[in-house]
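Asker: Questions regarding the structure given below will be posed in turn.
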Amino acid sequence: MDRSGDIEEAGEEEFPRLGGGRYRPVVAHDRAVIEMSSVEPGSSSSQTLKNIKVVTPGEMSAGAREGPRAEDGVNGHQKESKLELFGFDSLVNILGLKSMTGEQVAAPSSPRDGEDISITQGHPKPALKMGTMMGVFVPCLQNILGIIYYIRFTWIVGMAGIGQSLVLVLLCGLCTFLTTISLSAIATNGAMKGGGPYYLIGRALGPEVGISIGLCFFLGNAVAGALYVLGAVETFLKAFPAAGIFRETITKVNGTAIAEPIQSPNSHDLQIYGIIVTILLCFIVFGGVKMINRVAPAFLIPVLLSIFCIFIGMFLAKTDDPDAGITGLRFKSFRDNWNSAYQMTNDAGIPDPTGGTYWSFNELVGLFFPAVTGIMAGSNRSASLKDTQRSIPVGTLAATLTTTSLYVISVLFFGAVATRDKLLTDRLLTATVAWPWPVIVHVGIILSTLGAALQSLTGAPRLLAAIANDDILPILNYFKVADTSEPHIATLFTALICVGCVVIGNLDLITPTVTMFYLLCYSGVNLSCFLLDLLDAPSWRPRWKYHHWSLSFVGAALCIVIMFLISWSFTVVAIALASLIYKYVGLKGKAGDWGDGFKSAYFQLALRSLRSLGANQVHPKNWYPIPLVFCRPWGQLPENVPCHPKLADFANCMKKKGRGMSIFVDILDGDYYECAEEAKEACNKLATYIEYKRCEGVAEIVVAPNMTEGFRGIIQTMGLGNLKPNIVVMRYPEIWRRENLTEIPSTFVGIINDCITANKAVVIIKGLDEWPNEYQRQYGTIDLYWIVRDGGLMLLLSQLLLTKESFESCKIQLFCIAEEDSDAEALKADVKKFLYDLRMQAEVIVVTMKSWDIRSEGNSKEDSLEAFDAAQRRISDYLGEIKSQGSTPRLANGKAMVVNEQQVEKFLYTMLKLNSTILSYSRMAAVVLVSLPPPPLNHPAYFYMEYMDLLVENVPRMLIVRGYHRDVVTLFT
């Protein structure tokens, strides 16, 4: 059924969309529709213009009322397409645009007669989406404003002084600000799915890096939720001691001028209340986004009110009012507290000369940095945002600047409102100075920590579900969810981690690791933006313009520096954990190509390297074999595989330590338009098999009318610049005599001639089925029969074979074939000196072959004479068959066949003599390498195959090698 007809039949029914407007298909009475009639070939442009008629709305309405014409088809669906030349599938439509963004769009079904269609039919109702304020700004603000501001910030000002506290705040704030800039650039570079920073890092640095950092960030969020819960419970028990179930532990501290008892709640109370609070928060999270949106303001508004009361209280404070040590906002206190006062403290943080902890700037960085984390809280819920490209940059940057400004102002006010002793001993100074009652700050602390815990328990499950939905790690399949569903299983798993950490109670050892996970995530975001900005691929077009690769690089470096400032040991632990996950994903994960920045970097590096190589010949010292492996079987393939398994094993033998590239090619006979899809499937199958054989290479399938034309195109066009294949590797067609006496010889000889014309080296493998794999160790010798100068290719191949485990126990024997009247000893000495200069070890043996004369070998073995006579007889029969056809015998290239029987006899005898020599000296060799003779001119391909058969007779494993007009080894350093 014609799809264009389906759409037109929809009539004036409008299609609803999310943006508030309405979509409707093009119908007959749309304004300004141009109807184009057919144009006869050869008609002039003026005639063409006359055939174009602009149909007015009235005319089209009348046409629409007339109903379908007879020529439209029986059912009226075969209507005339206005843009038939382009094809309906190429028209821009709603479904096509959605498919470009990666959305899964079901194919529309054809409606029955009289029915309307709708593109929203069958789709689930879209989930509630959040805007910038509730989706990003509020979660970030709740995560950033935590317990450290209320309990530890005044102590940090007293220990580091106002000056270094400002440096501390600006350093940590700069780190998060630069990370926010990088996050904004990546988040506005296209549609963003769920997963937040994991999605951004994974699409920029690859799935392995993304999942390793994403899982660490998930773990950090889950454990951070336990930290916030314990902070809220501890504050509650300190504010209301009577609520404790177990007896309190009281510690007397007398190490300061102001001696005060420090009360610490019982650990069992922390555990019981912590578990209860975690379960209550989980119920809120299970309620979904709608429930979270209702509860979040209830947590945030009292927090903002408590901060307002703290500042009002500092303005109203006077000397020793409301407590001893409070000076009010005085310049004297500001000046006294400007410098640092690093000293020893006890475990509670109270100054004590006999304490066991010494605080410095580095330790304070680790203590304060969790107060600026939380900038990813909005991006963690990216799947629940209406417009990620607007909400994430605006909301995250607003939250970062707001909290950093609050911290800077608070440093100045806290340093001026109290003495240093008061700052160091009153852990709840914020509650002491708050107006009108300290309980307001207690409520603010509790609600701020509970709000941060709520955001952690909301973001962490969505992060885990996003990792699972990418289907890279099968072990995470349990946490998969649909796009519009809540991640209940992931939420339950996060809650279990949080409860487990709450039960442990003492998280002093885990807290620095959590900070490391946050910093690791921030550095990943910065590195992602740095890489994408530096590569500047055509797809890199972020809407957020205020970014530069140098800012991202500084942000990443700053994250790494802060990690080591906090604790080098915990830094190593965090990086080691991420590395283990990276390795696990590489081993167990499914392959995924997300177009990450590393692939773009490899591509640009390859282009730059290719340009730097140029088109000139590579120096012999830098020569690498780039084999073009011809996969045409010329025999039965085992196990129905696309390529003979031993061809891949041999291709690996031509590489030193796996360095190099192989190109596996095959030719599909047929018409390109008919076989294009079949060629794609064959290419994918071949590439998969190459990867399975662990062979570094690429697969190519060429469609051609026949094998000769296909190979001729391959040998001319395959490769770029100096990365073109330089060696053609193929199997010797041992089946030619019983399969096809005409096609295989002509194709085989044509391939060799094409390689010689294209100046490519040739390696032909005889006995491919017996070629050893990497686990089959060989013993004996590698025998080289060096007949012609080949640029050292045969010598280099033997050395490459020795680098493989299967041949490393073998020794090389070099046989130099010399004429009868040559000086054998002088030749042997020259070859030894040549091998010494090449740093190659081989035993040199000179073999003298007499000039051809079959009758001089009267005492030859009967089997050799029998093989010789059989070859002569087959050639004579072949000539007689051709002559019996009555026409002048011609070669494949159309030239007349000129047969010199004496020359044919000479070639046959030469091959027979060489074969006898090989069998005499190399019967126990692991592999024999011999020079490949070029096909003689004006000799039929059938004759050449007879020559080659005599050469390889009874030799189980042989490499027939022909070099090309250049050296591949050199004597010089």
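Including glycine, each Cβ sits where the backbone N, Cα and C put it.
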Asker: Looking at 391-414, 679-702, 775-798, 919-942, I want to know which stretch TrEMBL calls transmembrane segment.
Answerer: 391-414
Asker: Along the domain 'SLC12A transporter C-terminal' (777-972), what average pLDDT does this model show?
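Answerer: Taking every residue in the domain 'SLC12A transporter C-terminal' (777-972) and averaging pLDDT yields 79.
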Asker: Which sequence-distant residues neighbour the transmembrane segment (209-230)? Criterion: at least 6 residues beyond either end, Cβ under 8 Å.
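Answerer: Hits for the transmembrane segment (209-230): 146-147, 195, 197-199, 201-203, 270, 274, 277-278, 281, 370, 373, 376, 380, 449-450, 452-453, 456-457, 459-460, 463-464, 466-467, 470, 472-473, 494, 497-502, 505, 507, 510-511, 513-518, 520-521, 524, 574, 577-579, 581-582, 585, 589.
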Asker: Using Cβ atoms and a strict cutoff of less than 8 Å, what residues sit near the transmembrane segment (296-317) while being 6 or more residues removed from its termini?
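Answerer: Contacts with the transmembrane segment (296-317): 134, 138-139, 141-142, 145, 326-329, 406, 413-414, 417, 430, 433-436, 440-441, 443-445, 447-448, 450-451, 454.
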Asker: Summarise the domain 'SLC12A transporter C-terminal' (645-766) as counts of helix, strand and coil residues per DSSP.
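Answerer: Split into helix, strand and coil, the domain 'SLC12A transporter C-terminal' (645-766) gives 63 helix, 29 strand, 30 coil.
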Asker: Most CB pairs under 8 Å with the transmembrane segment (165-188): which of 133-153, 270-289, 391-414, 434-454, 549-582?
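Answerer: The stretch with the most close Cβ contacts to the transmembrane segment (165-188) is 391-414.
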Asker: So which of 133-153, 270-289, 434-454, 549-582 is most in touch with the transmembrane segment (391-414), counting Cβ pairs under 8 Å?
Answerer: 133-153
Asker: Taking residues 6+ outside the transmembrane segment (434-454), which of them lie with a CB under 8 Å of any CB in it?
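Answerer: Beyond its ends, the transmembrane segment (434-454) has Cβ neighbours at 142-143, 145-147, 149-151, 224-225, 228-229, 231-232, 235-236, 238-239, 277-278, 281, 284-285, 292, 295-296, 298-300, 302-303, 305-307, 309-310, 312-313, 316, 374, 428.
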